[in-house]
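Below is one structure. I have some questions about it.
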Amino acid sequence: MDFKIAVLAGDGIGPEISVQGVEVMSAVCEKFGHKVNYEYAICGADAIDKVGDPFPEETYRVCKNADAVLFSAVGDPKFDNDPTAKVRPEQGLLAMRKKLGLFANIRPVQTFKCLVHKSPLRAELVEGADFLCIRELTGGMYFGEKYQDNDKAYDTNMYTRPEIERILKVGFEYAMKRRKHLTVVDKANVLASSRLWRQIAQEMAPQYPEVTTDYMFVDNAAMKMIQEPKFFDVMVTENTFGDILTDEGSVISGSMGLLPSASTGESTPVFEPIHGSWPQAKGLNIANPLAQILSVAMLFEYFDCKAEGALIRKAVDASLDANVRTPEIQVEGGEKFGTKEVGAWIVDYIRKA
């Protein structure tokens, strides 16, 4: 198979972990006889500094013409600390999602047995937890009508039937591939938009008789995720709720540096780590590259290259078992490996496998 990959390294630690993802992908392609070409493009604060736009038209062209995007992270404190800034790095991420029609964000939440001690929750609660959070990406308050003056502000949480149906379809289809349990998360006791979500989910559920479908208010879901994370198989929800719940779910694993994600929809899919740009660690060779590397595994699996994805996951598991880890997940007294060293170890494992 031939792959054409757009690489958007972004800001902060993005360029460092991006390199590791690319090297892992190249090693896997070489091993399995695939051809891969990379085209690099700018985004986020880097793009604002260079051209004044966090997602320039040239970057959009590169993404649109690729088979997939390997994205890293955007964000810079100089924008976070300036409430008057008209252009922000994160707007580039929103623009990419909107222009590429990426309406579904898929985030796996799972624990690694050798790292359960890193979770803030008790080991017996989190060991074996394995579920998907599916978040709608292009509707709701983040994209609705907005207004702000000195005395009043509002954001509009609007959803249409087609937007809800297509993301629920993704949820049901993933549930069919897994343990056949779908939880629809809403706030139907208060919000009209949530009542429409629940109504449509109830209409669609009979089309998937093998799937057990339940409904949960978002506040209850937030508690359940901590109290009983193994309850969930596939969770689907709207944009704002999903943004919060997926970050909460990342805590279960013990490190945001372990979890990848995929954003899919009408055009080129995007694969990325769930963590941010961590600018304080830029250039220090301490960032965990595993989420970026596992994003590459998700990329291969998206294109039905299951053996390739499985090899990457096996290599990551082996690195953890061998205590080849960056500082935030290393055992006490263990050797602290850098970003480059972890990536190189995994590449070497893949080549020798």
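If you go along the chain as it appears here, the first residue is 1 and each next one adds 1.
Any Cβ shown, glycine's included, is placed from N, Cα and C.
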Given that Swiss-Prot lists Arg97, Arg107, Asp219 as binding substrate, which residue among Arg61, Arg135, Arg195 does it place in the same site?
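The one candidate that Swiss-Prot places in that substrate site: Arg135.
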Please give the greatest C-alpha separation between any two of the substrate-binding residues Arg97, Arg107, Arg135, Asp219, in angstrom, as a whole number.
27
Return only the integer: C-alpha distance in Å from Asp243 (Mg(2+) binding site) to Arg135 (substrate binding site).
7
Given the recorded positions Tyr142, Lys187, Asp247, which one's Cα is the least distant from that of Asp219 (substrate binding site)?
Lys187
On a C-alpha basis, identify the one among Arg97, Arg107, Arg135, Asp247 that is nearest to Lys187 (site 'Important for catalysis'); the candidates are the binding-site residues.
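Ranked by Cα distance from Lys187 (site 'Important for catalysis'), first place goes to Arg135.
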